[in-house]
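As recorded in TrEMBL, the features of this protein are as follows:
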DOMAIN    A:169-365  domain 'ABC transmembrane type-1'
TRANSMEM  A:41-61  transmembrane segment
TRANSMEM  A:108-126  transmembrane segment
TRANSMEM  A:138-159  transmembrane segment
TRANSMEM  A:165-192  transmembrane segment
TRANSMEM  A:204-228  transmembrane segment
TRANSMEM  A:342-361  transmembrane segment
Amino acid sequence: MTDTTVFVRSQMEPAALPPKRSTGLVAWLRTNLFATPGDTAMTIIAMLFVAWLVPPLWQFLVTDAVWSDPEGLRGEACRFEGVGACWVFIQGRFNFFIYGFYPVDQIWRVNVMFLLGIIFILPLLVPRAPFKRTAAVMFFLVYPVVAYFLMAGGVFGLRPVPTNFWGGLTLTLIISLIGIIASTPIGILLALGRQSKLPIIKAFCVGFIELWRAVPLITVLFMASVMFPLFMPQGVSVDNLARAIVGIILFESAYMAEVVRGGLQAMPRGQYEAAYALGLNKPKTMGLIILPQALKHVIPGIVNTFIALFKDTSLVSIIGIFELLNTVRAAGSDINWSSPTHAVTGYIFAGFVFWVFCFAMSRYSIYMERRLHTGHKR
Amino acid sequence: MPDKSVPIETQPARVPAQANSAFYNDPRFRAFIYQGLLVVGVVALFWWLASNAQQNLAAQNKQTGFAFLDQPAGFGISFSLIPFDRASSYLQVYFVGILNTLLVASIGIVLATMLGFVIGIARLSSNFLIRQFAAIYVETIRNMPLLLQLLFWYFLMLNALPAVRNAITLPFGIALHQRGLNLPALVPDDRFIFLAVAIVVAVIAGLVFRRWSLKQIENTGRRRPVWLPMLAIIIVPIFLVYFISGTRIAFDFPELRGFNFRGGFTAPPELTALVLGLVVYTAAFIAEIVRAGIQSVSHGQTEAASALGLKEGDRLRLVIVPQAMRVIIPPLTSQYLNLTKNSSLGAAIGFPELVNVYVGTALNQSGRAIEIIGMAMLVYLTFSLTTSIVMNWYNSRVALVER
């Protein structure tokens with residue numbers, strides 16, 4: 001072979017045509033809905049699914065639904081063929097769903113409690129709000145006491161209201177708030193204990209965490225409601241609600257401990273060494289160096305535990321406590337309201353309320369995570 | 001510089017100044033005290049609880065012990081995998097409960113895995129609509145309590161489904177109606193055992209062959225067919241045994257006779273609603289795990305695999321899936337465990353699983369709170385410990401593969 005082949009272009013290649021449409025609606029449709037034949041088929045199936053699902057749903061929830069009950073017919077208003085959602089049921093029993101059996105003339109106390117809670121928690125949730133420390137003390141230490149006396153009464157001339165009159169969304173919020181406030185510190189302590197070098201403390205914490213994580217909450221609640229009284233001294237009776245709350249706290253603190261442990265394990269050893277090199281002792285190392293970072297790492301996990309706890313409060317209905325779900329069930333079996341759809345409307349309502357709270361929590365945690373995601377950017 | 005010949009007078013090493021460090025600052029002493037306090041506290045608490053329990057039980061004239069397990073339970077159970085009647089003992093109630101729990105858990109785990117993987121992959125789809133559907137599904141289902149969903153499904157089962165006469169029927173006699181779900185059942189004849197053995201042996205042989213040929217590919221670098229021979233190894237012997245042994249596979253199809261369906265396997269509405277609720281709920285969590293797992297494998301891995309010249313299938317099988325599975329499997333097993341524990345919510349809709357029949361009915365009748373709750377917790381504890389032992393083994397295996 002004598003002639004040499006040269007693989008170098010001597011002329012410019014003519015410029016390629018610009019892509020036909022890379023922006024705008026058509027391009028978006030092309031990339032997101034009709035990119036390939038398979039994609040197109042899926043889009044068509046999805047659209048058929050929407051066409052199959054949405055109109056009946058809309059019909060049930062809106063057009064066929066009973067929105068008002070001017071004559072006070074209650075259940076009868078929804079008792080006809082082809083009725084949709086029975087929204088008058090929600091309107092009629094709204095106070096019951098929110099306040100449970102709380103005496104009607106005392107409901108202002110619950111409202112005051114809600115209002116105080118919002119006032120104290122807002123500075124904690126809004127990053128730029130002032131008075132963080134005061135608000136934290138107020139919310140975590142003062143507020144539970146004030147709220148308890150507002151609800152239970154018996155002081156300052158407030159009429160006593162026993163806990164079996166508490167109910168509805170109020171009770172759901174109370175149980176979850178107490179659960180969150182109590183299980184977080186216990187969980188952190190358990191997680192620290194699990195990391196400890198002291199064998200007995202470690203074994204105790206591991207045993208505690210694994211025991212509660214292994215069993216379903218419902219058995220814990222049964223235990224709290226059936227076994228707990230057996231273990232108390234004679235003559236001492238603990239309120240049914242308090243027993244359930246203790247069960248929830250024990251259960252959720254074990255989950256919290258595992259989440260926090262994840263954060264602690266993610267801490268590099270160098271952080272401990274640096275803290276010791278600065279002359280900090282164990283508690284200060286933990287409180288000032290390790291925990292703030294570790295907790296920041298696991299915010300999503302912590303909020304997930306909060307969400308799980310909030311959802312789990314619905315289980316106390318099984319041992320006869322009237323939180324939101326149980327009030328909906330109880331109202332659903334009310335003969336005055338009986339109709340083909342009122343019960344399912346109640347479930348939809350309860351589901352929506354739970355959804356709003358849980359969704360808000362998860363969005364807030366994503367927002368917080370982004371805000372705190374500062375130190376890890378390199 | 002000191003003269004080398006003169007030994008440098010070294011200062012004595014500083015001993016820890018014991019004079020100003022009190023004994024209570026000694027870590028060993030502290031460790032001893034802290035742990036001692038914990039032990040004393042826990043022992044005292046248990047002793048207090050036990051003595052209270054003893055007094056209470058004595059005051060209520062209640063007996064303790066496990067003698068009640070042999071006594072007849074005296075109540076019926078609506079759904080049981082083993083023969084059960086009113087004369088059966090409490091111990092049999094316990095086993096019926098465990099079996100029903102396991103039944104729900106195993107069906108639920110299989111279906112939830114399938115649905116969860118489909119939705120998890122759909123969340124990463126390039127198709128906008130599919131992606132949005134998956135996201136809406138996950139965000140809706142995850143943020144509502146399972147108990148509420150179960151009650152909802154159970155309510156729909158009983159109220160929105162047609163009566164038996166107008167049951168929704170599918171091929172093979174599958175029928176869905178207010179009284180549950182009818183499925184065809186396999187009726188084995190006396191020679192069916194040959195076929196069953198053949199199936200097990202053939203599947204094992206097929207898997208061994210697959211392993212061997214993949215190893216061959218790795219060792220020689222020469223491609224050889226894997227899937228088709230494997231299928232042949234599995235299917236051919238099964239058919240041979242089927243024809244030679246003359247087994248007749250009969251299915252018992254449900255049929256509408258009179259006012260009810262006869263034949264086949266009937267899942268009561270409680271079971272159907274419980275499985276449906278658990279599957280729908282758990283699938284949302286599995287979908288998130290799958291999505292996170294797939295996203296955790298960085299795009300560079302795909303590119304590196306293509307740069308090495310791996311084909312699409314090999315890229316997934318050898319590079320992407322193993323790395324994603326390492327992230328997916330630990331949380332996935334904990335979801336399986338959650339599903340098993342959540343099956344206890346069947347108690348709320350009246351499915352006779354462990355908590356319902358044993359912690360509920362049996363406890364109410366016998367009054368042995370401590371024994372019964374202890375035994376029920378033991379079951380869940382066993383599930384959980386077994387899972388975590390398997391998980392630890394898996395984790396150590398995966399960690400070895402890693403580096």
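Glycine is no exception: its Cβ is also placed from the backbone N, Cα and C atoms.
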Contact set, same chain, for the transmembrane segment (A:342-361): CB under 8 Å, 6 or more residues outside the stretch: 61, 75, 78, 85-87, 89-90, 97, 169, 303, 306-307, 310-311, 314, 324-325, 328-329, 331-333
Most Cβ pairs under 8 Å with the transmembrane segment (A:108-126), selected from A:138-159, A:165-192, A:204-228: A:138-159
Non-local residues, at least 6 beyond the ends, that sit with Cβ under 8 Å of the transmembrane segment (A:165-192): 96-103, 110, 113-114, 117, 140, 144, 147, 151, 205, 208-209, 241, 244-245, 248-249, 252-261, 264, 286, 291, 295, 302, 305-306, 309-310, 313-314, 316, 321-327, 353
Same-chain residues near the transmembrane segment (A:138-159), Cβ under 8 Å, at least 6 residues beyond its ends: 103, 106, 109-110, 112-113, 116-117, 120-121, 124, 166, 174, 177-178, 181
